[in-house]
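According to TrEMBL, the protein has these features:
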COILED    353-387  coiled coil
DOMAIN    674-706  domain 'GW'
DOMAIN    718-789  domain 'GW'
DOMAIN    853-892  domain 'GW'
DOMAIN    981-1137  domain 'Glycosyl transferase family 1'
Amino acid sequence: MIAKKFKKIKLRNSEQLSLWFSEEYKKNDVDSSTIFYESRDGKNMIDSPKAIFDYLIGDPMFEKYHHVWSYVPTEIGWGRIIEKFSNMPNVSFIERNTREYVYYLSKSKYLITNSTFQSFFIPKEEQIVINTWHGTPLKKMGYDIENANPAGSQNVVRNFLFSKFILSPNAHTTEVFKNSFRLDGIFSGEILEFGYPRNDILQKKDKSVLEQLIERGMVIDSSKDVILYCPTWKGTSTLNPTDSIHQIVAETTLLRKRVGDKYNVLVKVHPYIFKRAQEVEELNNYLVPDDFDPNYILLATDILLTDYSSIFFDFLITDKPIIFYSWDNDIYDSTRGLYFDEKELPGPILSTIDEVIESIDAIESVKAEYKENYNRAKENFVKYEDGCATKRVINYIFKDQAAGSGKVVKLTNTKEKVLIYTGGMQNNGITSSLLNLLKNIDYDSYEVTCFMGNPNTKEKLENVNRIPKQCHLIFKPGYAILTPEESKNLRKITSQNNVDRIDSSMLPWEGFRREANRIFSNSKFDVAIDFSGYSFYWAKYILSSDSKKKICYMHSDMDADRQKIVNGRQVHFKTLGQLFSVYDRFDMLLAVSPVMADVNKNSLKKFIPEEKISYVLNSLDLEKLFSNDDSTKEEKKPIIKKVNIELELTSKMDILVWDTFREKSSKMYPYKDDLKIKAIASVKYKSKEFYKILIDDVYVGWVDAQNYTKKYPYLLSKEPYSSYGYIKRQKNKVFWIDLPTSDLSKRYGTTDFYKYLYVRIIEKATLSNGDIYFHIIVDNYVNGWVYYNVINEVPRFSKIRRVKNIISNLKRLGDKKKNPLLTINEEGYVSINSIDGKDPFDKAANNHSNFNSVKLINKIVKYTKIIDNFYGTYYLLFDGSKKIGWVNKNNLRFISDDQIVSERKVRAEILLNQGNNKYTDCFLKNPITIDKKETIIVDTLIESTKGSFFYDGTFYFETKDVEIVKEFGKYDLLGNFILLPDESNYNIISIGRLSVEKQQDKLITAFQNFQKKVPKSKLYILGDGNLREELISIVKDNNLEDSVFLMGHVSNPFAILKKCQLFTLTSAYEGQPMVLLEALSLGIPVCSTNIPASNYVLSNGDYGILASSNDINGIENMLLESYHSQDEFKRFDANEYNKKAVEMFYDKISIL
């Protein structure tokens, strides 16, 4: 039956679900006789949850239990399912994402899923979550996926951690749960290695399967064997899976043509593409219904054809042959990877459909060849599949009986459990100190969990990936589950301006605890640490965690940081004020040096008793510090990108196809006039581009991209469409004037200009490549075409609502005259004649550029884009890699002849690409092809209006024809290539965030004076931050580009530090200057402004020179004193220091 306790309310958004859940969680008691089931997010009623349900409803012991299924009514098959159980009053079906759905989630004793519950859900202590999962993993999962954001696994890990039981079919899957998701040591439940309940059916002989499929409309000849093709999901957007379908259709049609006399060829597609697949006429008779249980179909399958679908593990039970069609294995290897070597798989691994057909024709030979692999795989992956897995699960969980032939795996240990909030993971001192600490912790004694927000930038992600693999990772998911009253109370307290008057006892701590339970999956910790120490927002989760001891770090003079002004604003004033108000709730506040402990005791005594403040020294990463790796550049392996490009040959010729982009094992395809060629992936390898292609929608291999040009799709259909929506915030999405069906198609520009605006949709167009476009009108001002997923469609509003949105649009559009009416992507070179400052759209003249307009006059610069708007025609200009801005066409002179734009010093080792090894003996003339295989050292990079060239003093080499083997330097923030320090100079280095308190501006001025007395001196400043542009201006305005180098963030700063003669620190204040300690560890002479933290580290001058004053004169004199100094300073023992720092940390976090 369909339960009707609540009025149906459609999902508004995730925030609404979180709100409902917070209320239902508080008010509902758990019903011990209710079992809640969800399979594939409510899309169907299959898999192990269905097997468990079938067993329970057939057992008289459970006849009084109420069985509740989550369902999505728009999915196929639910009408038939609900009708089937309509006469069973103890079976209910509730629509997913309704208030009623949330009610049962908060009330059911048992909750069974084969995937994950949504981010708002957390079970109560007395609830039992059973996660059956949905297959043995072949593809890498969790944190094993290289180059993936680990936050992508956050909700999976969270669900596993709050589960009482996780079902596992074999030891391999158990190891994946244990290691790939890093559950080992923190998962408090049990992994039941019992086999999969869904596989019990494969022990039966059911001849009715094909009959049922025929009844559902499939065309099957029962006298023939069955080949079941199960491709995994290949796309990136679940909304546009057409490309996969075209390939599936073409290849299965070819299969049917070649082996159809002996076999039925059936297709079971991934649920993401089923709806689109069933619309394709060629698949109608052979497409297995999405609601049909895959394991049931395996009973009637004679040959399984798949790629990376875990269904093949289940199929091992049948002893029937498996063929792996892995045409995209190189893409998987580049982006994800597999757990097993291809040689271990229980069947042949094939890359073309022709190879698949050959194996089907010789299937008996295939079975014999892979018999040993097959039997080994059966022993490793399906040894528990005896038809009794469901019974074992029911007996163990519901009847409290022994596991029998199964295995119960527990992952708990006696280590001390430590939770650490990491901070934002940007490149700064706090992140460095955290990573150093994590490198030094003894993981045999401590179980460490790092908690953070989503690392949504490259910078943050690189730092997160440096966290040791022994650490567990938790990322904050979704919306908070605070009740409306709790949220209102929180807003009221935290929005008040006078944060010093906040009464922390008035904060909604009950809601915070509920929210902490959600984030940390009800996990318990011995110690919880706010390592960042700069945000009440994050501190409240540490304070609300289930932990015995709570600690907050103080990395600096906290009150001084609170008062600090950046760009005219006290950026930390409110957030630190809120944090100070809850300091008293921590068991301990840890400064990072004894002097900072004293400073904070004095300045914060009104917030916290002195006895709660202590200190611990930050540790060093000795392994990195003393590494022999002097590289400042990270190795990059070829990255394969998925594309969707129609191609045509540049000339009529046969097609040379390679098995891999490394040009191995070639073959020829004969040319035909009507060939349909499509690129599905591309890669750059040794400065050449390669395409992975389909011919007539059948995969063939890799080709050299230079033999192909883009072929534009044609209009397939156009139909009226009446709807409304908003333009989403998406980067690099084009707003077309015409449909993009030729290189002459015009565009307004990108949709960024119109984001969040309300639009009317009047037409829908489908192109020959499957792309769908909407014809939209924005306030009757502009109309054109956008890719359909740029629009968030909304229900048709009332007339009053539409008027309100139009008014809102007008406000948001602002000066519509500035919006582009035409955009052209084009590259060329111009010289700037003038910038008069009067043009209303000239961004360089309106101070939107960081460049001095006077210095740009008559300079040759590059343009990359042209726009027309109400005011005229504008060109987007760049000086090297630095953006200048938009300049009016009337202020430009166009360069048509060959001219040098810039010459820059470089130092690099290059290798000429095979087949492209050209050089010229004079600029742009007399090209000569040579066979030169050894590397070449070049020292100049020339940018011209016709291309870019490396120069070695004799010959010029086009950059596109070479591979850079090694660079002996790095580009700085000004775009100049800076060589590594030369020992013939006196090289001074400073490392730290470019920020007001670091005083690099004073350092540069002091160095300028110092250089007048020591001409052969250079200053290297490593780091990045909000003072970047100001420092760039100081360097440029004082013509210091050849002696002061702003190097930006360097992943391995020690490679440069080791080559310098002096390290200097010029901060106004510090918590503990780690860079001083690192320089001392390497034996580099050091000097510093005389601040308490530096004075402590340098022991009042015993280890280095301290400034007599902290102004520009004091810094200059400090540099001079260091240059002339003959003093013998104490030797710093890094190993002894680190040992002391780590022991202090252990002592402070001890719960004894």
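Positions of Cβ are set from backbone N, Cα and C atoms, glycine also.
Because the structure is a prediction, the values reported are computed rather than measured.
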Check: Do you know the mean pLDDT across the domain 'GW' (674-706)?
Finding: 91
Note to self: I'd like the per-state residue tally for the domain 'GW' (674-706) from DSSP, helix first, then strand, then coil.
What the structure shows: 2 helix, 24 strand, 7 coil
Next item on the list: For the domain 'GW' (718-789), jot down how many residues DSSP puts in helix, in strand and in coil.
Entry: 6 helix, 40 strand, 26 coil
Notebook entry, point to check: If you run through the domain 'GW' (853-892) with DSSP, how many residues end up as helix, strand and coil?
Noted result: 7 helix, 27 strand, 6 coil
